[in-house]
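These come from Swiss-Prot:
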REGION    188-208  region 'Disordered'
DOMAIN    226-495  domain 'CoA carboxyltransferase N-terminal'
ZN_FING   230-252  zinc finger
BINDING   230, 233, 249, 252  Zn(2+) binding site
């Protein structure tokens with residue numbers, strides 16, 4: 001496997017002028033093959049750092065690149081963009097390898113050389129931030145190389161590929177470059193259109209023509225599994241670390257959807273989870289007719305897709321040693337819709353919590369009542385509310401409702417808003433009727449953000465907005481405040 005040094009910062013116009021580069025150069029930047037001499041890159045960096053103010057010793061090694069895809073498909077290259085981000089990327093399509101090199105000594109030398117050039121340009125030309133090329137993303141040393149992969153790739157795409165892309169025929173199609181589609185999983189044209197096609201990308205004063213081969217779709221599918229795209233900022237999150245980050249976007253902090261199993265793992269102590277009614281499944285009580293797909297077949301397909309039997313998981317577990325009854329809805333299963341089985345499982349959970357004198361947690365994530373079950377799904381609202389009435393008023397026990405995105409419809413109108421303490425996640429979409437339904441029914445525009453957790457909190461709709469990383473500790477403190485203690489602590493007090 002060959003190793004290449006890729007320096008896209010040479011596209012800075014001022015640097016081209018200093019080094020006598022040709023602005024019409026049709027490549028992404030200087031590339032040198034370090035396959036022959038592994039120490040060559042260190043030597044070049046040293047000579048670059050000690051250059052005088054009007055010359056650049058590395059210009060002798062420049063040559064053009066006609067097809068960047070050749071390097072992406074089976075080679076390794078080191079990248080430093082004009083924003084100051086430096087990183088080494090290894091691609092191996094055949095073996096599905098995509099990783100970042102962990103060479104901190106090389107990073108420090110490489111960055112210092114780029115930053116010294118930037119400071120030199122500031123002094124000589126009087127730049128003070130008005131040049132858009134110098135709005136750099138500084139490397140944050142608190143992240144390891146692997147955790148920094150997302151911001152590096154995103155910075156590279158923004159600065160090199162996604163700035164201004166157009167098809168040679170003249171039609172505008174921004175952000176549709178080969179690398180962007182390969183990482184984001186965008187749609188690829190069919191093979192007959194791909195063969196021999198080309199695209200010109202303008203990157204800050206220079207033109208790059210990228211040839212697309214007929215197997216773009218194959219490459220796209222191979223790398224699609226590596227990333228999760230944020231639905232708020234559209235930033236890319238490396239899937240390998242996404243679960244450890246609790247499905248929170250590293251770019252903007254947005255809380256993305258989370259499966260019920262992941263939420264149980266987040267809240268319940270390991271080895272203490274005891275599920276309830278796992279074998280309870282939905283039938284077709286009203287023989288719902290659908291031209292697209294029968295209701296039973298749809299249930300079966302979601303069961304295979306999610307590994308769940310229904311849109312809620314219920315059970316008993318321990319939260320920091322405190323026994324709790326918990327139900328977690330899963331939006332991935334038919335939009336978390338509430339049918340007869342969901343209502344029955346939650347009702348049984350409440351009754352068991354009342355009998356065993358346990359605090360109750362219900363994590364809501366639902367689109368509302370399930371239309372395929374008609375009035376049977378609507379009656380679950382009254383059934384669950386009746387069970388909660390006995391639990392809260394007669395048994396005097398403690399119920400915490402956690403509203404996640406989205407929580408709408410019948411769940412919002414029933415047990416979602418009946419908690420003694422109502423907690424919402426940041427940025428959660430919480431409503432009775434959705435924005436589209438309201439606008440179509442009333443023919444009025446719903447203000448942006450009027451159904452977001454932050455706005456509703458100001459109106460007093462719930463008690464707390466708690467980020468995921470603090471949720472378990474906040475719940476633990478609430479339970480202790482209401483005289484629910486860990487098992488070992490409770491037994492020691494009795495003695």
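One is the number of the first residue shown, and numbering goes on along the chain from there.
Placed from the backbone N, Cα and C atoms, the Cβ positions cover glycine too.
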If you count the C-beta atoms lying within 10 Å of each candidate's C-beta, which of the binding-site residues 230, 252 ends up with the smallest number?
252
Average pLDDT across the zinc finger (230-252)?
91
Out of these binding-site residues, 233, 249, which one has the fewest other C-beta atoms within 10 Å of its own C-beta?
233
Any further residue of that chain within 8 Å (Cβ to the Cβ centroid of 230, 233, 249, 252) of the recorded Zn(2+) site:
231, 232, 234, 235, 237, 250, 251, 253, 254
Using DSSP, how many residues of the zinc finger (230-252) fall into helix, strand and coil, respectively?
4 helix, 4 strand, 15 coil
